[in-house]
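Chemist: First the structure, then my questions, so here it is.
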């Protein structure tokens, strides 16, 4: 009995828990979590009266009687609740685990909202400050500053990088920088809705690169789904009122750049979390964007670019607009990456198509862009084609991911059934041997 009491005292000293009137453990200084199975003592039985008398001070809550303690709640090092039941530690579920659909819905809402706000503010800045190379640098600079501050406070912790990782991420960052700059050149010269209509061709370039560059066989169904995209973009381009070749060609280059970014991203799968990967890509992309901004637009900015913008809207609004478009750009890209981690490829593909519809619709309403009937029909056909393509491709990817799992499950079932059959046959064989032995022994004894 004394050993049990000493064990209880040792457990309480090691864990530094105290008992409150609600029968919950309050963590004073949780350093080493020790097994609490020794606390599960039934103090109501007569056989345990000696233990009850010796340990009542340890097990007695304030202003209460002796109780049988089998359940407690504490906090871990990160502040999350821990439920302790009969000596077992069970972390309680957080909000994200209790309501996953609600959290995922919030991610989609934030993704759409930030993207729409970014496109609207970005175009408003270009209306009085048409310098896309410099604005592209501002986008990345604000994002990099945000990442550096986040690393400084440890949210998230900075993942280490070496030469090998740097070599893998550099091509991704270059394509990201090129696609970003060319997208902004298109935004600055044509309507936002038209740029996004052209960017709907990105799946076509992705399929072409997979077929002719990587040598992957693209099914006929995917190629057929891309036909409406090409036809729709062509219809919209022919009658677009804001059409010019600079905006059209730059948007097409952006499509090619982002296609190769996807290709290099697959080769650069490092196991690093998406937040750190996006931060490193933003830093490297910023270094690529600085030279063209300095050499192409630098002289114009110093002569009259900054002066004209400040004269039109004022210094405070000019600086605040640049800051907010950079912040919204970084946040919507980060939220997009986080959303992709939470949902299946099919859900993300549908969400990406709907996002483009939202951006096109809101940009037409906010800026009052006049579009012809043919442009509207062409845009709708292109978006529908992208939706069909995304659905087909996402389903194909899901089948690839599910098939190996089914094969593994079937394989393990076969192995388990064979092991079970072997055990059953072995047991039956031993039983048969024993039965024959006992029959022979009985016959031998009866003969004597």
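In case you wondered, yes, glycine gets a Cβ from its N, Cα and C as well.
What TrEMBL records for 99-121, 133-153, 220-239, 245-264, 276-295, 315-332, 353-369, 375-392 is transmembrane segment. Under the heading domain 'Sugar phosphate transporter', TrEMBL lists 103-390.
Have a look at these and tell me how they're positioned relative to everything else.
Modeler: The predicted model assigns the domain 'Sugar phosphate transporter' (103-390) a mean pLDDT of 87.
With a cut-off of 8 Å between Cβ atoms, the residues of this chain six or more beyond the transmembrane segment (220-239) that come close are 194, 197-198, 200-201, 203-204, 207, 248, 372, 374-375, 377-386, 388-389, 392-393, 396.
Distant neighbours of the transmembrane segment (276-295): 133-134, 136-137, 140-141, 143-144, 147, 150-151, 156, 158-159, 161, 165-166, 169-170, 172-174, 176-178, 180-181, 270, 330, 333-334, 337; these residues of the same chain sit at least 6 beyond its ends, with a Cβ under 8 Å from one of its Cβ atoms.
Beyond the ends of the transmembrane segment (315-332), by six or more residues, the same chain brings 110-111, 114-115, 117-118, 121-122, 124-125, 129, 135, 138-143, 146-147, 282, 309 to within a C-beta distance below 8 angstroms of the stretch.
For the transmembrane segment (353-369), the list of distant contacts is 111-112, 115-116, 119-120, 123, 191-193, 196-197, 199-200, 241-242, 379, 383, 386-387, 390: same-chain residues at least six beyond its ends, Cβ to Cβ under 8 Å.
Taking Cβ pairs closer than 8 Å, the transmembrane segment (375-392) reaches residues 193-194, 197, 200-201, 203, 207, 221-222, 225-241, 346, 349-350, 352-353, 356-357, 360 in its own chain, all 6 or more past its ends.
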Chemist: Report, as numbers and ranges, which residues of the same chain sit near the transmembrane segment (245-264): CB under 8 Å and 6 or more residues beyond its ends.
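Modeler: That would be 171-172, 175-176, 178-180, 182-183, 185-186, 188-190, 194-195, 198-199, 201-202, 204-206, 209, 213-214, 237.
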